[in-house]
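J.: A single structure is presented below for examination.
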Amino acid sequence: MKHVLLYCRSGFEKECAGEIQDKATQLEVFGFPRLKNNTGFVLFECYQAGEADKLIKEIDFQSLIFARQMLAVAVEIKDLPTDDRISPILEALSEKEGFPRCGDIRIETPDTNEAKELLKFCRKFTVPMRQAMRGKGLMTAKDNAKKPVLHLCFIAPGHCFVGYSYPTNNSQFFMGIPRLKFPSDAPSRSTLKLEEAFHVFIPRDEWDERLAPGMWGVDLGACPGGWTYQLVKRSMFVHCVDNGMMADSLMETGQIKHHMVDGFKFEPDRKNVTWIICDMVEKPARVAHLMGEWIIKGWAKEALFNLKLPMKGRYDEVLQDIENLKQFLIDNKVKFKMQAKHLYHDREEITVHIQSLSNISPY
């Protein structure tokens, strides 16, 4: 197997391709990406057989910004007959040496309007395909979360990639997309960005500790309160910094303080802030530096923020801003964890998370 399939947002294939090319080169795996604009996926072809498995094992999936899912492709099948789609897939896999026995199956499509028309078929096809795979010993008799995940990705009727991912190094979500419901009482749809970020960046078993009731947060560029809403509903208190008006529903909770000042000049009176969150429409380098300052001063322990992307050179801008921010923290002797992701609810932006591991006094 020498192909790696990556899902991404439609229109960001170039950025996803540049990223997998860089990661593969760092591991001394050489190849090239195949892509078409607005298809929602990238296929990376390694020059050497067997190196696809190496990539999906050794590239830390959490380090990928633009990829929603990463899997090794065993076979690409075209022109599946409508009267029997299962047999050609079973036959193709039975001829593939080294294909692992899987514990789960996901029959998916790329995230495009055209491909998503196949989702109804994918849902209906999952049960018979799973039964057939188990019958041939290609899957465990019962779901096993410790075994690889079998993926069938249909990019057109009768045309699919068949491959696998490792559960310790993939997206846990179907199609790589968390399924979140918009809360009817939220002030704006931007609230889903922050909720998704919590799902992606914060392990669920750490939510009670790191997103605890009674914590204080600061929301820069808060108006009308989509991001603030996520903190308030977790019983946190929030300094909302924006010259615009906040939603009345949030003001009435008694959990927020509204500061009508410039987000770049705001400093909390009491240095008891755990979270700094920021969704300001500003140059990404400026926002990244500001978030770094909050962390190195000890004003916040964790930061979640968006970096707005330029029309051109998006991947280069992201690399530069992330690298500069990391170096800024290192130069100030801060120990930290950092992740960045182009989330499903992001558009022309990425979301970055920093967790400070240093005990920095804010005084």
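Cβ atoms here come from the backbone N, Cα and C positions, even for glycine.
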J.: If Swiss-Prot gives SER190, CYS223, PRO224, GLY225, GLY226, ASP242, ASP279 as binding S-adenosyl-L-methionine, which of ASP205, ASP208, ASP262, ASP316 does it give for that site as well?
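T.: Among ASP205, ASP208, ASP262, ASP316, only ASP262 appears alongside SER190, CYS223, PRO224, GLY225, GLY226, ASP242, ASP279 as S-adenosyl-L-methionine-binding in Swiss-Prot.
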J.: With every protein chain in view, what's the tally of Cβ atoms within 10 Å of the Cβ of ASP279 (S-adenosyl-L-methionine binding site), excluding that atom itself?
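T.: Looking across every protein chain shown, the total is 21.
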J.: Let me know the largest Cα to Cα distance in Å among the S-adenosyl-L-methionine-binding residues SER190, CYS223, PRO224, GLY225, GLY226, ASP242, ASP262, ASP279, as an integer.
T.: 21
J.: Starting from each candidate's C-beta and looking 10 angstroms out, tell me which of the binding-site residues SER190, GLY225, ASP242, ASP262 has the most other C-beta atoms.
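T.: Of the binding-site residues SER190, GLY225, ASP242, ASP262, the most buried by Cβ count within 10 Å is GLY225.
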J.: So, three-state DSSP: helix, strand or coil for ASP262 (S-adenosyl-L-methionine binding site)?
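T.: In the DSSP reduction, ASP262 (S-adenosyl-L-methionine binding site) maps to coil.
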J.: Measuring Cα to Cα, how far is GLY226 (S-adenosyl-L-methionine binding site) from LYS308 (active site, proton acceptor) in Å?
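T.: Cα-Cα, rounded: 17 Å.
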